[in-house]
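*Asks:* The structure's right below; bear with me while I get my questions together.
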Amino acid sequence: MDLLWILPSLWLLLLGGPACLKTQEHPSCPGPRELEASKVVLLPSCPGAPGSPGEKGAPGPQGPPGPPGKMGPKGEPGDPVNLLRCQEGPRNCRELLSQGATLSGWYHLCLPEGRALPVFCDMDTEGGGWLVFQRRQDGSVDFFRSWSSYRAGFGNQESEFWLGNENLHQLTLQGNWELRVELEDFNGNRTFAHYATFRLLGEVDHYQLALGKFSEGTAGDSLSLHSGRPFTTYDADHDSSNSNCAVIVHGAWWYASCYRSNLNGRYAVSEAAAHKYGIDWASGRGVGHPYRRVRMMLR
């Protein structure tokens, strides 16, 4: 009987039994024990090697936002020298051109009041140094706007814009400025009109247009009629008509009763889609025959 118990135990011993490894949890494997009564050798097993890590679980839901932090300390006052520097900076695009800025693009000019103003300078046309204050080209910007909008200026630097009546007033307070109007029809034909001087009075005078003599241009003169006229928008009627010209023709301009030019009028995407009143220059294509592209610029 004792032999029957011993043989299986020896068989396990010959097979080597479970492998024993030293780990931190089990620094050594327990040795074999022998039971005196039965002479049976017991081979205790050791803990196996740790398995490989399982896959990372999915992230849990986002927790609620924390409470707002405390308000930071008050910042230091700005440097008043910046105002002085702007007062000493360039006042027009021609001055920038003389300083070596030969590429057309957006620059900063200093207004007489000391404020920096971003403007587009055309450094290529007719000797360069032109400040573009109005541009129409694709109808992406609505020009049927309020008095306050025309006062401040609006639009997109990459497409269409109006620089702003107050900015034009500040710019033309000093020096002599000439005006160039450029027009392009839907067939790509380009014309222009040139005026000796241009100035815009202040808001107290409703941004009245003070225009010099028409000097030259293939487009003819369609702006002299508007010289001496205040600016009119749909919510500020200063024209000489019994009605509001801005409302009638869907624009904003130095209307009389009503116009020979209307370069802030409604945009037409094609000749076939022309409106009764649009971007017109009467001495050019006539009223009701709008232009596809327009630029107004000063130097």
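In case you wondered, yes, glycine gets a Cβ from its N, Cα and C as well.
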*Asks:* Check Swiss-Prot and name the cysteine among C110, C121 that pairs with C86 in a disulfide.
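*Replies:* If we follow Swiss-Prot, the cysteine bonded to C86 turns out to be C110.
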*Asks:* From the disulfide entries in Swiss-Prot, identify which of C121, C245 pairs with C258.
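*Replies:* Disulfide partner per Swiss-Prot record: C245.
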*Asks:* Labelled hydroxyproline in Swiss-Prot - which residue from P30, P59, P80, P90 would that be?
*Replies:* P59
*Asks:* Counting distance between Cα atoms, which of the recorded positions P53, P65, P68, N189 is nearest D239 (Ca(2+) binding site)?
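*Replies:* Nearest in space to D239 (Ca(2+) binding site), counting only the recorded positions, is N189.
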*Asks:* Please work out the number of neighbouring Cβ atoms within 10 Å of the Cβ of P53 (hydroxyproline), leaving out its own Cβ.
*Replies:* 6
*Asks:* Please identify, among the binding-site residues D237, S241, C258, the one with the smallest Cα-Cα distance to N189 (N-linked glycosylation site).
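*Replies:* Closest by Cα distance to N189 (N-linked glycosylation site) among the binding-site residues D237, S241, C258: C258.
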*Asks:* In the domain 'Collagen-like' (48-80), how many residues does DSSP put in helix, strand and coil?
*Replies:* 0 helix, 0 strand, 33 coil
*Asks:* Identify which of the binding-site residues S241, S243 has its Cβ surrounded by the largest number of other Cβ atoms within 10 Å, counting every protein chain shown.
*Replies:* S241
*Asks:* Pop the Cα-Cα gap between Y259 (carbohydrate binding site) and D237 (Ca(2+) binding site) into the table, whole Å please.
*Replies:* 14
